[in-house]
Amino acid sequence: METYTVIVATGTSEYAGTNNYIYVTLVGEQGESERTLLDNPGLDFCRGAVDKYQVSSPSPLGPLLLVRLEKQRYWVEDNWFCRYVTVESPRGHTATFPCYRWLVGDTKMEIREGPAKKLKDDSLPELLAHRKAELRGRQKTYRWLSWAPGIPRCIDAKSEADLPQDVRFDNEKRSDFEHSLHYKLVIRFGKSWNDLEDFRQIFWKLKSPIAEYCMEHWKEDWFFGYQCLNGCNPRMIQQCNKLPDKFPVTADMVQSSLCKTETIMEGLPANVIKNEQQYIAAPLCLLYQHPDDGLIPIAIQLGQTPGVDTPVFLPSDPPLAWLLAKTWVRHSEFQVFQVLSHLLRTHLVVEVFCVATLRQLPAVHPVYKLLAPHQRYTLEINCRGRTQLISSNGIFKRVVSTGGDALLILAQREYKVLTYRSLHPRHDFIDRGVTRIPKYFYRDNVLLLWDTIHGFVSGMVSLYYKSDSEVEEDQELQAWIRDVTDEGFAELPDFGLPSSLSSREELSTLLAVVILSCSAQHAATNNGQFDWCAWVPNTPCTMRQPPPTDKDTVTMDTIMSTLPDVSQSCVQLAITWHLVCIFNNQIPIGHYTEEHFTEKEAQDLITKFRKDLANVEEQILRENEGLELQYLVLLPSRVESSITI
């Protein structure tokens with residue numbers, strides 16, 4: 001009789017433990033152990049517990065292949081989260097079997113030892129069968145769905161309740177999220193503010209240094225330009241070498257090279273909120289890189305068709321007219337960064353890779369192990385976004401001018417021109433002609449993170465793929481990229497991502513783009529939105545009057561009747577606060593609470609990655625020393641490793 005020592009680790013989150021029966025069977029090359037009920041004196045499988053057991057086998061098992069876990073109900077159903085199992089053989093060899101999954105109901109699960117294995121690395125029939133069975137099960141569980149035409153496909157789930165437990169929030173995250181979401185403010189619904197200073201009434205508690213700075217400087221032209229570079233939508237600005245014909249700005253009005261916004265806002269159907277029509281503009285905004293004042297706006301047209309009723313606003317115009325014109329641009333900026341830069345280019349793009357990874361890569365695959373920590377909670381937050389934020393009765397419909405039909409139209413327009421190349425930061429900055437513009441802190445910081453992430457990923461890819469041919473020959477990897485391109489981005493033939501991978505560099509770049517998108521890029525558009533939107537006049541969520549057609553008729557009453565009312569302002573404040581809340585279980589990039597990789601070479605690369613990120617943090621902090629307005633949103637310690645909000 002052979003005796004094996006088995007250690008079982010239970011999850012640390014609330015309700016991760018169980019009082020159900022847990023059985024284990026060890027599967028080796030030479031046979032199986034006895035099916036053993038794991039039962040020590042006292043309580044087993046408590047939250048955070050690491051329990052030790054003895055498992056017997058009538059004969060030596062040889063090299064271990066699998067650990068089979070079974071859960072059976074005892075009185076009531078009680079789900080269990082298993083972190084890992086370690087097995088010590090009678091001859092002293094210890095093997096670790098990562099799990100990090102929920103066992104729900106009366107169920108059976110087989111897990112493999114930690115070292116990552118590609119398909120060609122397995123030859124035993126038992127292991128090949130295990131890979132196939134795991135993927136068959138996942139493909140039945142995780143299915144593609146077209147939530148709406150003209151946008152990336154998503155997970156087939158009507159709400160977060162339809163998702164498997166493995167991709168759901170844990171209880172602490174759910175409690176924190178829902179408590180924050182239901183944050184209430186005492187407000188007078190539907191009333192207009194009397195004066196700009198009245199917005200301070202909702203600014204009394206939820207504050208940030210940048211939000212307070214914004215409140216004091218939002219009228220200043222240099223601050224408007226600064227936000228184009230380092231605000232919530234820092235990748236929209238681009239160099240303009242020739243003015244469009246529809247923007248009749250003469251040399252007498254402006255000089256030097258100019259930049260413009262996109263025309264994606266034109267013709268959108270504006271929302272109706274509480275039976276009151278809201279308004280949307282498709283502005284053209286030209287900015288000039290002033291040698292002393294930095295990037296400043298020098299001309300604004302609040303429509304795409306020039307004419308008597310679409311004047312070009314200039315800094316020399318009456319101050320209130322110029323202020324309202326800038327506010328209209330910032331209002332459009334709110335729509336673009338929320339729907340396009342934030343929702344589409346991070347949440348929805350990353351979801352495609354999440355679904356494809358779950359469908360096509362077994363847990364033992366190195367790419368699965370690499371991406372798993374960067375997919376944490378993303379499917380649930382996206383389901384919640386579709387049901388609570390952008391649905392027909394969601395928050396956008398209640399307070400945002402693009403709520404309703406315009407939101408989807410806007411996303412569809414951007415999706416048509418979305419390219420894989422634009423997700424690569426170095427290519428993006430080159431294509432937009434902004435590689436040399438000064439004080440573009442977002443660009444400088446995101447490139448630091450890009451280089452660090454790409455270096456880490458390249459090391460991992462080189463560890464498991466010794467040549468380009470090994471990438472080409474990896475059938476599971478090729479099925480993964482086909483699922484991404486042919487299913488997830490099925491309606492985007494010009495996306496520019498090939499449906500096969502042919503080299504290690506191609507794979508490394510793609511994986512780095514995915515990890516950057518779900519970490520640094522998401523942080524750049526999400527984490528600062530309270531800073532820039534808490535002072536509502538700076539970035540209003542909606543506008544209640546149409547754009548002005550006459551510069552000389554703009555008064556303070558015009559501005560106040562146009563800006564969001566008290567109710568809308570309070571919801572804007574509350575939701576942007578909610579979306580930047582720091583929850584207790586957030587995991588910064590480079591920190592891995594689940595050890596999917598067990599081999600030393602991979603763990604050494606993770607350690608180096610963490611050290612490199614610490615160096616990036618120190619560099620960013622040094623570069624911000626002495627700055628009146630610091631850009632710290634991309635500090636690695638503040639960048640989550642996955643999209644969880």
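Cβ coordinates come from backbone N, Cα and C, glycine included.
TrEMBL entries are annotated by machine, without manual review.
Values in this document were obtained by computation on a predicted structure and should not be read as measured data.
Feature list (source: TrEMBL):
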- 2-117: domain 'PLAT' (DOMAIN)
- Gly17, Asp78: Ca(2+) 1 binding site (BINDING)
- Asp39, Asn40: Ca(2+) 2 binding site (BINDING)
- Trp102: site 'Essential for stabilizing binding to COTL1' (SITE)
- 117-645: domain 'Lipoxygenase' (DOMAIN)
- His342, His347, His522, Ile645: Fe cation binding site (BINDING)
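Spatially, by CA atoms, the recorded positions Gly17, Asp39, Asn40, Asp78, Trp102 include one closest to His522 (Fe cation binding site), and that is Trp102. The Cβ of Gly17 (Ca(2+) 1 binding site) has Thr10, Gly11, Phe45, Cys46, Arg47, Gly48, Ala49, Trp80 as same-chain neighbours under 8 Å, each 6 or more residues away in sequence. Listed in sequence order, the residues Leu343, Thr346, Ile381, Thr525, Asn526, Leu579, Ile643 complete the 8 Å Cβ shell around the Fe cation site centroid, once His342, His347, His522, Ile645 themselves are left out. Cα distances from His342 (Fe cation binding site) to the recorded positions Asp39, Asn40, Asp78, Trp102 are smallest for Trp102. Checking each of the recorded positions Asn40, Asp78, Trp102 against His347 (Fe cation binding site) by C-alpha distance, the shortest gap belongs to Trp102. Of the candidate recorded positions, Asn40, Asp78, Trp102, the one lying closest to Ile645 (Fe cation binding site) when CA atoms are compared is Trp102. Long-range C-beta contacts of Trp102 (site 'Essential for stabilizing binding to COTL1'), restricted to its own chain and to partners at least six residues apart, with a cutoff below 8 Å, comprise Asn79, Trp80, Phe81, Pro164, Gln165, Asp166.
Cβ contacts within 10 Å of His342 (Fe cation binding site), excluding its own Cβ and spanning all protein chains shown: 23.
Here the Cα atom of Asp78 (Ca(2+) 1 binding site) is found 18 Å from that of Asn40 (Ca(2+) 2 binding site).
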